[in-house]
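Data block below; observations after.
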Amino acid sequence: MGILGLSKLLYDRSPAAIRERELKNYFGRRIAIDASMTIYQFIIAMKGFQDGQGMELTNEAGEVTSHLNGLFARTLRMVDEGLRPIYVFDGKPPTLKASELQERRQRAEEAQQLFDTAKEEGNDELMEKMSKRTVRVSREQLEEAKKLLQLMGIPVVQAPSEAEAQCAELVKKKKAWAVATEDMDALTFGAPVMLRHLTYSEAKKRPIAEFHLDEILGITGLTMTQFIDLCILLGCDYVPKIPGIGPQKAWEGIKKHGDIETLLQSLDAGRHSVPEGFHYEEARQFFLKPEVTPAEEIEIQFREPDEEGLVKFLVEEKLFNKDRVLKGIQRLRNALTRKTQGRLDQFFTITRPVTKPNTCDAKAGVKRGHSAIALSGTLQQKGSSGHKKVVKK
């Protein structure tokens with residue numbers, strides 16, 4: 001879930017702290033990526049619908065390969081542009097998240113029931129909508145993703161708990177430059193720079209949103225603890241939300257009272273009932289001091305791709321097109337060995353002007369010199385991967 005309504009609130013209250021960028025703007029940057037969120041996006045993007053049946057990207061053996069296709073293609077696209085992706089995987093969820101996870105399971109069950117009803121009624125639109133709400137990333141898919149990345153020579157970090165918190169730790173300790181995730185709570189965990197839409201496909205044509213925490217705090221006048229309290233009131237994964245407290249009231253409440261304790265004392269009990277389990281002190285402490293592996297103990301190293309291992313895994317086991325895989329390996333080698341010029345900010349101190357965010361999008365219609373798979377739309381025939389959309393009965 002992340003933080004409900006935080007993105008819109010920041011666009012309204014601190015737009016100068018947000019930039020709109022393109023992939024090429026991160027040349028030479030190490031980016032810590034929320035792996036589970038990214039893989040979930042790939043599975044959703046490649047899940048289609050046709051003639052009343054769900055469709056998924058599979059190989060000739062019928063195995064779902066959406067996660068591997070998306071991860072392979074998008075990672076290659078990033079390294080082509082000079083990025084250095086670091087994928088961080090979730091560990092054990094914190095106890096505070098138990099209620100949220102239970103609610104997610106219930107919502108998935110309800111979505112499945114609605115899907116079944118829509119199927120009986122022949123409502124294709126509702127079936128497609130509900131089918132995406134039932135998607136879950138399996139343990140097997142996560143392990144396959146780790147294996148693929150390691151064979152590609154891309155760093156993999158296993159977080160002890162929340163991936164966003166571990167990503168923030170890497171950025172705070174200068175092991176990476178930014179966190180890439182769709183969950184806004186990366187900022188709540190203290191990530192100095194956060195990117196949204198980094199792993200979106202080119203077909204979506206959405207610019208990357210770059211959030212700067214120091215500027216957000218400076219423009220809004222909030223301390224980090226007040227920002228955390230604001231996020232808790234907006235709605236997070238660790239405590240239930242107070243009914244009747246929306247973004248505007250949460251903002252005004254923290255600006256006026258300074259913290260949740262004082263705000264709660266001012267609430268009209270008849271209008272706002274604080275739910276049982278609103279342990280905001282524990283949530284606040286978890287945001288301030290989450291369970292992470294200290295960045296100093298993590299080695300980040302980009303390695304030569306394992307050609308033999310990739311061919312065995314992707315071509316022999318997962319039935320990928322061999323030519324596509326070999327070309328991908330060469331692209332990885334080119335990125336690893338390329339003699340690149342340093343970024344200017346490695347030699348000079350760059351002062352970022354506080355201005356209106358750059359809204360320049362990438363030019364549409366420009367053909368790329370390499371192949372990439374679209375992560376949206378319906379694939380009717382085999383693509384360069386050798387895989388195709390099949391009806392899931």
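Any Cβ shown, glycine's included, is placed from N, Cα and C.
So that you can see what the record holds, here are the features copied from Swiss-Prot:
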type	residues	note
REGION	1-108	region 'N-domain'
BINDING	Asp34, Asp90, Glu162, Glu164	Mg(2+) 1 binding site
BINDING	Arg74, Glu162, Gly235, Asp237	DNA binding site
REGION	126-257	region 'I-domain'
BINDING	Asp183, Asp185, Asp237	Mg(2+) 2 binding site
REGION	340-348	region 'Interaction with PCNA'
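Annotation note: Asp34 (Mg(2+) 1 binding site) sits in a strand segment as assigned by DSSP.
Within 8 Å of the centroid defined by the CB atoms of Asp34, Asp90, Glu162, Glu164, the record's Mg(2+) 1 site, lie the Cβ atoms of Ser36, Met37, Val88, Ala159, Ala163, Ala165, Gln166, Cys167, Thr181, Asp183, Ala186, excluding the listed residues themselves. For Asp183 (Mg(2+) 2 binding site), the Cβ neighbour count at a 10 Å cut-off comes to 24, with all displayed protein chains included.
Taken residue by residue with DSSP, Asp90 (Mg(2+) 1 binding site) is part of neither helix nor strand, so it is coil.
Broken down by DSSP into helix, strand and coil, the region 'I-domain' (126-257) contains 69 helix, 15 strand, 48 coil.
Secondary structure from DSSP puts Arg74 (DNA binding site) in a helix.
Proximity to Asp34 (Mg(2+) 1 binding site), judged by a C-alpha distance within 10 Å, picks out Asp183 from the binding-site residues Arg74, Asp183, Asp185. Local packing around the Cβ, expressed as the count of other Cβ atoms within 10 angstroms, is greatest for Glu164 among the binding-site residues Arg74, Glu164, Asp237.
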